[in-house]
Structure formats: C-alpha cells, structure tokens
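**Student:** Okay, so Swiss-Prot annotates it like this:
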type	residues	note
ACT_SITE	S178	active site
ACT_SITE	D350	active site
ACT_SITE	H407	active site
DISULFID	C86-C313	disulfide bond
DISULFID	C246-C258	disulfide bond
CARBOHYD	N137	N-linked glycosylation site
CARBOHYD	N253	N-linked glycosylation site
CARBOHYD	N302	N-linked glycosylation site
CARBOHYD	N318	N-linked glycosylation site
SIGNAL	1-23	signal peptide
Amino acid sequence: MVSSRAVVMAIMVLVTVQWLVFAEGYPEEDLVARLPGQPNVGFRQFAGYVDVDSENGRSLFYYYVEAVKEPDTKPLTLWLNGGPGCSSVGGGAFTELGPFYPTGDGRGLRLNSMSWNKASNLLFVESPAGVGWSYSNRSSDYNTGDKSTVNDMLVFLLRWFNKFPELKSRDLFLTGESYAGHYIPQLADVILSYNSRSSGFKFNVKGIAIGNPLLKLDRDFAAAYEYFWSHGMISDEVRLTIMNQCDFANPKNMSNACIYAIVESSVLTEYINSYHILLDVCYPSIVQQELRLKKMNALHANRTRLPYEWTMCSNRLNYSGIDGYIDMLPSLKRIIQNQTPVWIFSGDQDSVIPLQSSRTLVRELAEDLNFKTTIPYGAWFHKEQVGGWVTEYGNLLTFATVRGAAHMVPYAEPSRALHMFSSFMNGRRLPNKPDLKSSTDD
C-alpha cells in the first residue's frame, strides 16, 4: 500500500509549489504549473482554498485535475473520501484514482495509468473543515456533523464554480466511498433542493456513485460479523451470539453477552486488515508512517496558521456519532425519484462495510420504489475476465461488486474500477459477456 509518508510529501509539494501562468477563465493564483518530480503531462492542475464562511474564517481545500483528453468537453466528477474526517486529496487523489501516485521513497511522482481523469475532470475536496488542510479560525467549527458538512459543501461548490465559470454547465457526477455514503446522498439532496428554488444557476447533476458506502449503520455493522463468519474468521458460537444478542439499531440495549462476543470477534480478527482481508498487515510500516507523519510540518502553515500537522484522517474533528445512524435510503429515494441514476458499488474483500449489507439495502430501496429488476443479478466482464457481479432496478438503481477489490476499490482494482466508472459516467451498462475490445480508456 502507498505509504502515508509518501502521500504527505506529495501533498506538501502540491500546495507549496509556486503558482505560475494565468489559465484563461480559471483562477491564476490556483494554477499549478508543475509538481516537482512529476512526469510530463498535458493536462492542467489547480489547487487552493474556497472560503465557505468568511466571517469565521472557515475554508475548504481542493485539488482539481483536468481530464487527460478533451477536458473542455468532459464532465466534472466530485470525489469525497469518508471517515468521517479522512482526506479526499491524500486518499482519493494520491492513493486511489488521481493522476499521480507517489514513488516508493516519497520523493517523486509516477503516473497512475488507471486514473479516472482518463474519463472525466476530477475535483477532490477536503471536507469538512478540520480535515487535511481545510480549516476554520473558530475551533468550535470542528464540532460538526452531517448537516453542517453538507451545507458547507453546497457553499463550496457554488463559490468554486465562480472560480471556474466555464464548468458551470458541465455534467456533474457526485462520487465517493465509505462515510461518503452519508456525504454524497445528502449533498445530492440539498443540491436538488437548491435547483428547485433557484431561478438562475442550477447544478447539472447526472448521477451519483458510492463505493462500500455507509448507508444504514445498524445493518452495515451486523453485516461485518456475517462477513467475518462467512470467511472463516470467527466461530459459529460468536456469530450466533452476535446475531441473537446484539441490537445494533440501539446500542444501549446491547447485552453483556453481545459485548463479550464482539470483544471475542475483535480478538479473532486482530491480525487481519479489515479494509482488505487479503492484505497482510505490516506493523513496522504502520508504526514508521505514524512517526513520520507526526514530524511533518503543517502544509501551507504560514498562510493558514494551522497549529497541527496534516494527517490522512483528522484527529481534530469532534464529529457527531449520532449522525452515523441516519438512514440514507430516504435521501437516495428522493434522488432517484428526481430521475438521477444511482450506482452503489462494493469491493468484495472489504469487511468494514461488506457487500452483503449494501446489496440487501439496494434491493429494499428498489422494492420501496416499486422498481422491477431490469438487469438480473449476474457477472460483468472486463478484459475477458469477470470484473464482478451486477444487478439493476428500474433503469436508475444499480448495484455492482468489483471482484478482488476492497474498501478502496480504485486502489485495489484500478483497471476494473476505471472501467466501471466509465460505464457509469457514459450511461452504459456493464458488459455481461467477455469483450475482446474491452478497454479501460473508454
């Protein structure tokens, strides 16, 4: 896995680089002429801040990358990582689907041949304030939750489009993973509400796609233990106790037997990477990364006066735990009723938010919408191999797995992830038979 130290160095280079050359129609001060150590590329990059609350000094940091080819005609895709509190720049941009990966020593950059900017312009935002180098001058703003996070993102997008007016009319896709299962549906919901009230500018939202999303906490939690059991990681006894004694919808009702079983499950799975159960855990690497991170200076500290160091996932936030229990299915229902396509995709090696719960919740949502099955559950293909399994309801709701992928789908299976994303963005169904001409560049 890409080391956190390498990611940090890449991000520090990104926002400390000198801003040069004016880009017509785009903000001169945010244009990145070149990242030291990067390969030669033909696309432009922008990075900087957007104030979402000028009075209290609350600003969100973004990184925008143009598409490799024909960026003037390509759509715009927003990507948000989850957590809550993890960096979309450090995670999404420089670990998963952005144009560059740090080299092994963290001193340079190499091209990501499966970057999603082959298909779309990409926008990564560190949200909420307190994540990465997004900040507020008022410390109480770090006591936050879903509502304030989504409202800030709406303000961010409106003001970001003022920086990039040529992109206002572009097709917009909202994507992310994990706790973005809360961010993206609620953001799409408030955007559609904004559109209904606005007599002027309207967001041109064409679809949302979320990987291994937290949609309904009690169901996702329970599914994790079913996943452990189905993969031989916990005993029959532990699984049955959790099934019969644990009330994940109301943690206060959990019995002692439930708590003991959960502890036993934690012991049994202690030496497994829950986010990718096939990867070995490398303890020296983890410790070394943490030590290096703690010695890093805050990015752009002289400008933002951040009193803390950058980390992949923020320890500054006091994020509302109650918000994690909000059911996202009603938001998804409203989005779909607005004729906006929704894709839910799952890496099948993730035990944190496993495919079992996502698949079941998508089916229940389809039933609530009275949708018929428009694609029966079956394999989809990429490069003559099974890329995963997929089903579709009512031509608007899709559930797809990505074979061999995990919690961070684009990192674990970049080629299959790009093929899936390109299909989603272009309104194409995933192929249900091998195709010798299948390409990741479509």
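Just so you know, glycine gets a Cβ as well, placed from its N, Cα and C.
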**Student:** Could you say whether, by DSSP, N253 (N-linked glycosylation site) belongs to a helix, a strand or a coil region?
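**Tutor:** It is helical.
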**Student:** In whole Å, how far is C258 (disulfide bond) from H407 (active site) when you measure between their Cα atoms?
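**Tutor:** Checking the Cα atoms of H407 (active site) and C258 (disulfide bond) gives a distance of 26 Å.
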**Student:** Sequence gap of 6 or more, Cβ distance under 8 Å: name the residues on the same chain that satisfy this around N137 (N-linked glycosylation site), in order along the sequence.
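**Tutor:** Listed in sequence order: N56, G57, R58.
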**Student:** Around the C-beta of H407 (active site), how many further C-beta atoms are within 10 angstroms, looking at every protein chain?
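**Tutor:** Other Cβ atoms within 10 Å of H407 (active site): 24.
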**Student:** Quick check: of the recorded positions listed here (C246, N253, N318), which one has the Cα closest to that of D350 (active site)?
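**Tutor:** Of all the candidates listed, C246 is nearest in space.
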**Student:** Among S178, N253, N318, the recorded positions in question, whose Cβ has the most other Cβ atoms within 10 Å in this structure?
**Tutor:** S178
**Student:** DSSP secondary structure for N137 (N-linked glycosylation site), reduced to helix/strand/coil, please.
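**Tutor:** Note: N137 (N-linked glycosylation site) is coil by DSSP, not helix or strand.
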**Student:** Spatially, which candidate from the recorded positions S178, C246, N253, C258 is nearest to C313 (disulfide bond), comparing Cα atoms?
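**Tutor:** If we rank S178, C246, N253, C258 by Cα distance to C313 (disulfide bond), first place goes to S178.
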**Student:** Tell me the Cα distance separating S178 (active site) from N253 (N-linked glycosylation site), rounded to the nearest angstrom.
**Tutor:** 26
**Student:** Measuring Cα to Cα, how many Å separate C246 (disulfide bond) from S178 (active site)?
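**Tutor:** Computed Cα spacing between C246 (disulfide bond) and S178 (active site) is 23 Å.
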